[in-house]
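S.K.: I have a structure I would like to understand better, so I am pasting it below and will then ask my questions one at a time.
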Amino acid sequence: MAEAHQAVGFQFTVTPDGIDLHLSREVLKHIYLSGVTSWRKRAIRFKNGILTGVYPASPSSWLIVVIAIMSTIYARIDPSLGMIDTIKRTLSVSGYMTVQTQTVLSAILFATGLWLSLILMLRYTLKTLLSYHAWIFESHGKISFCTKLWLSLVKMFSGRRPLLYSFQTSLPRLPVPSVDDTITRYLESVRPLLDDEQYNQMEVVANDFKKDQAPKLQKYLILKSWWATNYVSDWWEEYIYLRGRSPIMVNSNFYAMDLLYVTPTHRQAARAGNAVHAMLQYRRKLERGEHAPLRALGVVPMCSYQMERMFNTTRIPGIETDFVQHLSDRKHLVVYHKGRFFKVWLYYGGCHLWPSELETQFQMILNDTTEPQPGELKLAALTAGNRVPWARARLKYFSQGANKASLEAIETSAFFLTLDDEVHGYDPDKLGSLDLYAKSLLHGKCYDRWFDKSFTLIAYKNGKLGVNAEHSWADAPIIGHMWEYVLATDCFHLGYTEEGHCKGDINKGLPPPTKLQWDIPLECEEVIEDSYMVAKVIADDVDFHGCLFDEFGKGLIKKSRTSPDAFIQLALQLTLTTQYTIKSAADKHQNMYRLAMTGSGIDRHLFCLYIMSKYLSIDSPFLKQVLSEPWRLSTSQTPQQQLNMVDIKKFPRYVGAGGGFGPDSYRFGQNIRQAMLDIRALFDQKDKKEKEKEM
């Protein structure tokens, strides 16, 4: 419709007198505004690219260096130790270049070289400082003098007002751990899981590997680490995620929840309008690189690479392996509602649609009473089932005609939106409401989320929101960062009218949503139904229990000088094994995850050694055994309040429940609460004994 709307602005007829052109001023105005917006965006990206390229210096610092060097020349002082004269001799004097011009140009060239050298020196110094990891291993609440000094130096060399990618060239490479350390830590970690005979056998194969195959594999791995900044990430993405042929729904995708206790409006279209507008604001800052980089302790910068593919990204299925398709600056959104797919334009006249305009678009879709086309209702189930049938169906049934155009509209969209026809969210008066909410976000009806999109925004009938995210392109904290921004912007910046509608005027000239057209044959409908049945078996097998624990939080845990992550892990393990531990188990876990954070973890190193052995056709019984072990418990966590956009002490009800992956059993979840209380009691006893000793 948008293309048709613009086409009517340019018409021509052929007459005996020639060609009669009809131009619409309104359309020409929007074409002009779109062009202005596009060039403005390019200019901002170019400017920010320069700022990032010269960081931690600034373009103005170049001028300062040039002025300083020019001043020394006029004072007849040569700080270049003869280099300016050498540059002058290489510049030929002609009618266009006098001796004075030659001197000035030589000084500018020297100053520029000096300025670039200083930038490289600052970056190398910062990279060296960031290679220091002792701060991670210090006790909670205690900072040594060395670490305080180190933090001051990092802050000093980090410059001012960094952009999102300013630190990328200053981050150290991921180090390759020694084989001896990795094998030692691995044997320590599996010792409680093996009996004496099994452990002795594991020791034998581990020592054989360390002596025979490991040295060659390690050399090649070190060579790769010199060439790539991260020797793990590309193989991890390809072999752990993209080459997996099983369904990604539940098994890989994860979800994020809305605010628990607050629903700013119960109007579905309005809540979706504000959320989509906030996402567009976030995307604009992301594309310009204007977000502040995440920094541990507010000082230590973290890699921002994964944020690049948050929007305009789709996992494309393949027979042997999938691939991640990332595009730039997509201007439309695809919306699913009651079995129909709609295309919604996000820009008009070169500007984002306002929340009120987006609300109107989404309300049109909600009011649409047309029936789904044959095969359209469960079409998205193709993304929920096994990957090979979906890849073959895509090649056979979606490579031409209306099906190709409609599929391209989905795969090239900024992201995917589901206007869900169910009611979900946390309700303290409704038993199991959090369980059903999480299950809906995790898999829905198996055909009402496009699981291949980088993320699907889900808006429920009662105004609650949620996100289902594909995992191969990034880790959960990346989505968590964006989601916290969206929720805070929605509630505290955009807001709603008293009637619950989005604020702002409405442009009645906006083109309405376009219904995607499909021509799906019966054979393809059978493939869709098969994928749906595979996905439904997985969804029905999900046994989820959401546990709201409000007896205490991470603040109390940190007072015991223990990591909240270690505390939760112990609660999970205690629930699984029903065996009580001492605090040393928490310390051990804490040390293990700190080693992983500094690049000395076990699984990534062993995984890369295994991949290298396959490339070199080296058979290793040790690596085979390690990589084939079934793990009974797999846990993960997403940090909350990364942006600190909401003061939780001031607004205690504006808190979310985070998100999660495919869970374990209901009984397991029920017992975690008691395990956490038991562990707290153990810590309290230990703290009491320590205080008694001090007295």
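Keep in mind that glycine also has a Cβ here, set from the backbone N, Cα and C atoms.
Copied straight from TrEMBL:
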- 1-47: domain 'Carnitine O-palmitoyltransferase N-terminal' (DOMAIN)
- 50-75: transmembrane segment (TRANSMEM)
- 104-122: transmembrane segment (TRANSMEM)
- 174-579: domain 'Choline/carnitine acyltransferase' (DOMAIN)
- His471: active site, proton acceptor (ACT_SITE)
- 582-666: domain 'Choline/carnitine acyltransferase' (DOMAIN)
S.K.: Under 8 Å between C-beta atoms and at least six residues away from its ends: which parts of the chain pack against the transmembrane segment (104-122)?
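M.R.: The answer is 54, 56-57, 61-62, 65-66, 68-70, 73, 80, 83-85, 87-88, 91, 97, 157.
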S.K.: Sort out the residues at least 6 away from either end of the transmembrane segment (50-75), same chain, that have Cβ-Cβ distances under 8 Å to it, and list them.
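M.R.: For the transmembrane segment (50-75), the nonlocal Cβ contacts are 84, 103-104, 107-108, 110-112, 114-115, 118-119, 122-123, 126, 157-159, 162-163, 165-168, 170, 289.
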S.K.: Are there any residues in the same chain, six or more apart in sequence, whose C-beta is under 8 angstroms from the C-beta of His471 (active site, proton acceptor), and if so which?
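M.R.: Looking at Cβ-Cβ distances below 8 Å from His471 (active site, proton acceptor), excluding near sequence neighbours, one finds Tyr241, Ile248, Ser252, Asn253, Phe254.
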